[in-house]
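Q: Sharing a structure here in structure tokens format.
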Amino acid sequence: MPTLVLLRHGQSQWNLDNRFTGWVDVDITEAGRQEALKAGELMKAEGLRFDFAHTSVLKRAIRTLNTALEVMDQLWVPVEKTWRLNERHYGALQGLDKAETTAKHGEAQVKIWRRSYDVPPPAMDLKDPGHPANDLRYAKLDVKALPGTESLATTLDRVLPYWHDAIAPQLKAQQTVLVTAHGNSLRALYKYLTDVTEAQILEINIPTGIPLLFDLDDALKVKSFRYLGDPDAAKRAAEAVANQAKAGKH
Ligand SMILES: O=C(O)[C@@H](CO)OP(=O)(O)O
């Protein structure tokens with residue numbers, strides 16, 4: 001049976017600081033490392049043996065993947081890193097404090113930017129040093145493919161070719177696959193896999209460091225899915241993500 005695990009990276013420095021992160025390459029905190037270790041323990045206790053792993057080109061995801069695989073004694077598993085699994089690009093919001101942004105623009109607007117399906121945040125200028133066109137790791141890519149902002153829909157548009165070309169064929173070959181990525185690139189995949197509506201995806205938040213296991217049928221339709229470990233802890237952690245942008249929060 002094809003098995004897919006989606007794992008959001010452990011807490012990053014900017015998760016802790018409550019800043020919009022997107023494609024900024026911040027590292028995980030010590031608490032994030034502990035989450036990655038725990039994720040490895042949960043996957044090990046589940047008896048998972050991965051055939052392949054995929055991650056982004058951002059170190060919070062790469063380090064989480066390596067940390068979890070090490071706990072499982074599966075550091076040997078082949079890994080592909082791709083920009084297509086990067087976090088959703090947060091445009092001009094990258095680096096801003098989430099609660100301050102809410103105080104300035106209001107809760108409703110910030111929820112639209114954070115969680116709506118097809119409304120992107122204001123774009124980052126191509127000349128901005130933070131634009132991916134000015135980052136060496138993307139130098140070989142067509143500059144037109146590099147976003148200055150993304151909605152969840154356009155994030156899914158760039159995740160899906162990788163899903164179809166790289167991940168789906170492995171699952172169709174009955175392999176067990178781990179994807180370690182980000183809150184919104186994983187929400188995009190979650191929407192695609194579970195077929196939730198655009199209204200429902202607005203309320204979906206993916207907690208850091210808790211493996212989400214999907215049992216799929218041979219056509220890759222979802223038979224069932226669940227967070228590993230304590231379901232209440234996963235629910236509380238998802239609620240905490242939803243509440244990060246409340247005004248006055250820090
Ligand atoms: O800042 C970000 O890039 C994401 C994930 O950390 O945040 P949010 O949950 O607000 O979409």
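Residue numbering: from 1, along the chain as shown.
Backbone N, Cα and C atoms are what each Cβ position is placed from, and that goes for glycine too.
Dumping what TrEMBL says about this protein:
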type     : residues                                       : note
BINDING  : 8-15, 21-22, R60, 87-90, K98, 114-115, 183-184 : substrate binding site
ACT_SITE : H9                                             : active site, tele-phosphohistidine intermediate
ACT_SITE : E87                                            : active site, proton donor/acceptor
SITE     : H182                                           : site 'Transition state stabilizer'
Q: If you check the recorded positions R8, H9, Q11, G22, E87, G183 one by one, which have a CB less than 6 Å away from any atom of ligand 1?
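A: The recorded positions passing the 6 Å Cβ test are G22, E87, G183.
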Q: Around H9 (active site, tele-phosphohistidine intermediate), how many other CB atoms lie within 10 A of its CB?
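A: So the number of other Cβ atoms within 10 Å of H9 (active site, tele-phosphohistidine intermediate) is 33.
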Q: Hey, how far is K98 (substrate binding site) from E87 (active site, proton donor/acceptor), Cα to Cα, in Å?
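A: So the alpha carbons of K98 (substrate binding site) and E87 (active site, proton donor/acceptor) sit roughly 16 Å from each other.
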Q: What's the CA to CA span in angstrom from R88 (substrate binding site) over to H9 (active site, tele-phosphohistidine intermediate)?
A: 14
Q: Show me the subset of Q11, W14, G22, H182, G183 whose Cα is within 10 Å of E87 (active site, proton donor/acceptor); these are the recorded positions I mean.
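A: Within 10 Å Cα-Cα: G22, H182, G183.
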Q: At a 10 Å cut-off from the C-beta of G22 (substrate binding site), count the other C-beta atoms across all protein chains.
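A: Excluding its own Cβ, G22 (substrate binding site) sees 25 Cβ atoms within 10 Å.
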Q: Tell me the Cβ contacts of W14 (substrate binding site) under 8 Å, same chain only and six or more apart in sequence, or just say none.
A: F20, T21, V24, V26
Q: Any same-chain residues 6+ apart from G183 (substrate binding site) with CB under 8 Å of its CB? Would you list them in sequence order, or say none?
A: R8, E87, N205, I206, T208, V241
Q: Tell me which residues of the chain lie with their Cβ under 8 angstroms from that of H182 (site 'Transition state stabilizer'), as long as they are six or more apart in sequence?
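A: Spatial neighbours, sequence-distant, of H182 (site 'Transition state stabilizer'): R8, H9, S56, L58, R60, A61, L85, N86, E87, R88.
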Q: In the three-state scheme derived from DSSP, which category covers W14 (substrate binding site)?
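A: Going by the DSSP assignment, W14 (substrate binding site) falls within a helical segment, counted as helix.
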Q: Starting from the Cβ of R88 (substrate binding site), draw a 10 Å sphere and report how many other Cβ atoms land inside it.
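A: Result for R88 (substrate binding site): 28 neighbouring Cβ atoms inside 10 Å.
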